[in-house]
Amino acid sequence: MSSTDNCTLSTCPLSMAYIDYLPNLPANVFFVAFFALITVLQFDLGVWYRTWTYMIAMLPGLILEVLGYVGRIMLHDNPFDFNNFLLYLICLTLGPAFFSAAIYICLGKIVVIYGEGISRFRPRTYTRLFVSCDLLSLILQAVGGALASSAGDGDTSESDTGVNIMIAGLAFQVFSLLVFMVLASEFAFRIRKSPKSENDDFTSLRKSPKWKMFLYCLALATITIFIRSVFRVAELQGGFSSALANDETDLMVLESTMISIACICLTVAHPAIIVGRTWNSL
């Protein structure tokens, strides 16, 4: 049993808590409501248009976001509770990797719409490669988070090992996103260089404003997730007791806001809204 298990705000100083501040209640309630709304919208769109793979990628991440902010609300009431801290830490750490997977799925479809002959790799190669990287990143983050959070009092060795594993998972996610952005940019360059797409079935779609919006939204979502992931790596460099890990303003701007923007982009420019049920046959 941890020495803080029986602590309350009236009996123990906040410095003994798992985080050195009380999470802002209105802000975290807002993010619970926000991600819950996005979850409902993604579910409705996924079922209506039967975009199962995209929906399966998005929903777990959104549910984790909701649970993560619920954990922060619970930390506001009791920052000494290990389960509250674990709920917040693990869920918000893992959630964005699922959104990355949704973006990776989209690139494969985009290659089909422009023409496989333009691409350096086959459409499914992009999806399989980057989703596999996402899975490895998730495993590392989950194992590291569980190990670091379950370390006993004074067991800095186990805690440091867990943090290092989490950092490795997050760093690998950053690396994967960076490689993805490079390959996506290279594919965009090939499109501009090619005088004509090999796939004439989607000429009108590619010229439409909604298609351009879709591409811009995917790009913005990728960039915001990348910024958030870089922040998370920096946050954990000093461990859970670091100043950055205990600064709620930084977290709200570089975690909450970045992921919110990504989710708005991935919902407003939902592939089914842009392409319809044709998306499933690509």
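Even glycines carry a Cβ here, placed using N, Cα and C.
From a predicted model like this one, the values you see are computed outputs, not experimental measurements.
Residues or ranges marked as transmembrane segment in TrEMBL: 25-45, 52-73, 85-108, 129-151, 163-184, 213-231, 251-275.
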Which residues of the same chain, at least 6 past either end of the transmembrane segment (213-231), have a Cβ under 8 Å from a Cβ in it?
96, 99-100, 103, 106, 110, 170, 173-174, 177-178, 180-181, 184, 250, 254-255, 258-259, 261-263, 265-266, 268-269, 271, 274
Need a quick answer: max count of Cβ pairs under 8 Å to the transmembrane segment (52-73), which of 25-45, 85-108, 129-151, 163-184, 251-275 is it?
85-108
Pairs 6 or more apart in sequence, C-beta under 8 angstroms, 3 or more of them: is that satisfied by the transmembrane segment (251-275) and the transmembrane segment (85-108)?
yes
